[in-house]
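*Asks:* My questions all concern the structure below.
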Amino acid sequence: MEKRMETLEQIKETLRETSKLVPDIVRAAVGLEHHYQTVELPHDDGCVKSFAAAFLRPQAQEQAHGDGEVQQAVRMESASCYVPDHDEDAHFVHDAAGVVGGYRRRVGVDAGAFSRGLMTSAFAQLVTAEPGTPVCPYTLLERAYEETLESGAQGGSTAVILSLADGNVLRWAYIGDSAFAVLRDGRVVVRSVQQQRYFNAPYYLGGRRGDEGMTVGMVGEMKVRRGDVVVAGTDGLFDNMSDAELEKVVQIGTALGFSPKNMADIIGGTAYEMSRCLLKDSPFAVEWRKQHENEEGHFYGGKVDDITVVVACIVSSDS
């Protein structure tokens, strides 16, 4: 088992190669084709849209998303992509779990210290556990939080932890707007609920009086099966990419046989382009206008932020 995180050079390479990580058929599927292109499109770019549409499942087509007829032992093949802005997110991917932490900025402190502390503690717990020990996401997060508090780290962090146990049970614990979605047959079947005091003020783990701590943490579980795709990330992902857009990217990636790393890079690269697009609305911008409809000023386009993406593809344990 090993810690798998991007190094600084890999992050820089991701930024340099962002446009190459996002195929034009993905851009066409999510409405970015007129804003970012890596190749010159034909006179009628409808052919690119048609090509993209060929990979997408019709909206009217409903897929059953129960536990499946045959329960099969599965495992996670995971990878990540991190595109920094303030460079205050932290994450890691482990054979037993995927863990993501997003900063909660405070004036005068290292905003990323708390999220990095959470990740360091959680990872240390995993690598020192006996092989085969089931991972309880809530307990892992709770212990990591306690150790981070004891370290004296300032600031705060949202977090999400996912693990696979009992052969085919996906378990999770999260707090704030670090989030996840489980996709089956290209559709979101389970989605975390955003936790916030009010708009753009998420719950978080922190060390000051009045911080929520673990009391508002959400937990749950579901049975997964081969072919499911789990996507976790910080708000930099989900503030810029809607669930419907995430479905399109995953559908195309699945049809093209993307590896988890390819999928994470494509999702991260697409979210990065969305965050910097002023002409295409993001989920954050839409919600901002709802919350400020009686005020002067407007917010359009994407929301620039650190973007962390973890993708876990559920595969047969025999593969």
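Heads up, the Cβ atoms here are built off N, Cα and C, so glycines get one too.
From a predicted model like this one, the values you see are computed outputs, not experimental measurements.
Swiss-Prot feature annotations, pasted as is:
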BINDING   Gly102  Mn(2+) 1 binding site
BINDING   Asp235, Asp305  Mn(2+) 2 binding site
DOMAIN    73-314  domain 'PPM-type phosphatase'
*Asks:* Which number gives the other C-beta atoms within 10 angstroms of the C-beta of Asp305 (Mn(2+) 2 binding site), all protein chains shown included?
*Replies:* 24
*Asks:* Check the binding-site residues Gly102, Asp235 for other C-beta atoms within 10 angstroms of each C-beta and report the one with the most.
*Replies:* Gly102
*Asks:* Can you tell me the CA-to-CA distance separating Asp305 (Mn(2+) 2 binding site) and Gly102 (Mn(2+) 1 binding site), as a whole number of Å?
*Replies:* 10
*Asks:* Between the residue listed as 'Mn(2+) 1 binding site' and Asp235 (Mn(2+) 2 binding site), how many Å separate their Cα atoms?
*Replies:* 8
*Asks:* Indicate whether the residue listed as 'Mn(2+) 1 binding site' is helix, strand or coil by DSSP.
*Replies:* strand
